[in-house]
């Protein structure tokens, strides 16, 4: 196959071409201290243990959260979407807040499908904004909200309502008053120009709307009642008065302000969300938006009595959950990723087989390839999707389709048709999300058995393996207190953690085809998932493009 010169990769000076490489991604498999809540530690995982306890220079840890995957802060957990983006692209692309800043600065946010969708309500209905009113930059930013409101008014929004959630966690307690005053001044200017713009409701972030990990649906319900039903225990004529008054209550603070609604002179709520309205949740960070998004979007919903479920046009600032496709509309699309490792390798004649089951098939193909559907070259690529179990929770059958994925990978390796065989084993993540510790142990064991089957095939063809993960999950299944001990709820029960974690993930290389002298470098300060692409290119016998994150390996004489 002729190679376009723009895509041609230089040959690696010390590593040969032609070795079959198995690239295995264990989804939700992080590294944490061993205890009874570390399901990876508790599970019998002899294959992964052998990689960890083998040659110390062929097993290491890499970062899979925060800035290493393009997220704004080190408090941001990694996820499967940004993880596979980084693994496949070899570079770190802006995700989250950075992406929103770029879209707002360019005005592109107002040209996208998400904004066009909500703008269809502007002529006759109300545009609502819901989110954390703060400049903390962890979940949202006031300046982004200001630009959204201004841009919406300039593009035809005639009636705007803002449902504010006070912070006091990522910023100083008491700063809420200043933020509300700033927002009120902006809305007053809009009113002078004929736009009916007001704050409609509010409450503290830890008590109203912004719960996470399905910890307390009552928090979401309090927000729903104020924002949608226009009902709350406290009613005020304006939001500055509301926040100042509620802060005077004994023990009050910004985080835990009770819900309030703004009412007119007749005592009627000024801005409940009703049929035909548009709603934008302006937080860019996902974790405290998912539950609220479910309430706004899911017709089939049983977490609390919504009383009424308005037919609205809803868009998130971003897509908050790539697995759930939630929300289905969003203002800022995922990053535009070009020149992925998969595209480079295909242009250089490397044949690829990629496989997973339905829940992660898109990650090992679409997200890996830079949010791009389809093949780069049908003659050189084959993608196989194994249907996931449906109609049951993943803890019911925690082995999922690990065996079937491994069998497909084994057969692809032994066929001799493919230079790279890439799989995602979803067990530790999808079962970990259920919070079922016993089932997650079974899931981790099943993934380990699958890894062994693939490594045995690599042994037969004298190939190379690369085993890694996209983020943590199953290695820590409990919430922790500040001392790192398992946290208990008010009734003394263990608080189960169903989310991803901030832990690093392992990467191991080996196999009979690995050239002598190949080892992990020690001079990279904090390597992450994006360093894996150049590493794999090296193992295929190529030098990675100059702007890729550096390779993890070196060859010593």
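We number each residue from 1, going along the chain as drawn.
Each residue, glycine too, has its Cβ placed from N, Cα and C.
TrEMBL entries are annotated by machine, without manual review.
Note that the structure is predicted; figures quoted are calculated from it, not measured.
What TrEMBL records for this protein:
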type	residues	note
DOMAIN	19-542	domain 'Metalloenzyme'
BINDING	27, 80, 470, 471	Mn(2+) 2 binding site
ACT_SITE	80	active site, phosphoserine intermediate
DOMAIN	103-321	domain 'BPG-independent PGAM N-terminal'
BINDING	139, 169, 170, 205, 212, 285, 286, 287, 288, 360	substrate binding site
BINDING	429, 433, 500	Mn(2+) 1 binding site
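The Cα of residue 288 (substrate binding site) lies closest to that of 500, out of the binding-site residues 27, 80, 470, 500. If you take the CA of residue 500 (Mn(2+) 1 binding site) and look 10 A around it, the binding-site residues you hit from 139, 212, 471 are 471. Taking 27, 80, 429, 433, 470 as the binding-site residues under consideration, the smallest Cα distance to residue 212 (substrate binding site) is found for 433.
Comparing Cα positions, residue 286 (substrate binding site) lies closest to 80 out of the binding-site residues 27, 80, 429, 433, 471. Of 27, 139, 170, 471, all annotated as binding-site residues, the residue with the shortest Cα distance to residue 429 (Mn(2+) 1 binding site) is 27.
In this view, residue 139 (substrate binding site) is surrounded by 27 other Cβ atoms within 10 Å of its Cβ, with every protein chain counted. Between residue 170 (substrate binding site) and residue 471 (Mn(2+) 2 binding site), the C-alpha separation comes to 24 Å. In the structure shown, across all protein chains, 471 is the one of the binding-site residues 433, 471 with the greatest number of other Cβ atoms within 10 Å. Other than the site residues 27, 80, 470, 471, same-chain residues with C-beta atoms no more than 8 angstroms from the centre of those residues' C-beta atoms, the Mn(2+) 2 site, are 25, 28, 64, 78, 79, 83, 84, 360, 363, 424, 429, 469, 473, 500. Taking all protein chains in view, 32 other C-beta atoms sit within 10 angstroms of the C-beta of residue 470 (Mn(2+) 2 binding site). Along the domain 'Metalloenzyme' (19-542), the predicted structure has mean pLDDT 95. Long-range Cβ proximity for residue 27 (Mn(2+) 2 binding site), meaning a same-chain Cβ under 8 A and a gap of 6 or more residues, is found for 80, 360, 363, 424, 425, 426, 427, 428, 429, 430, 469, 470, 471, 473.
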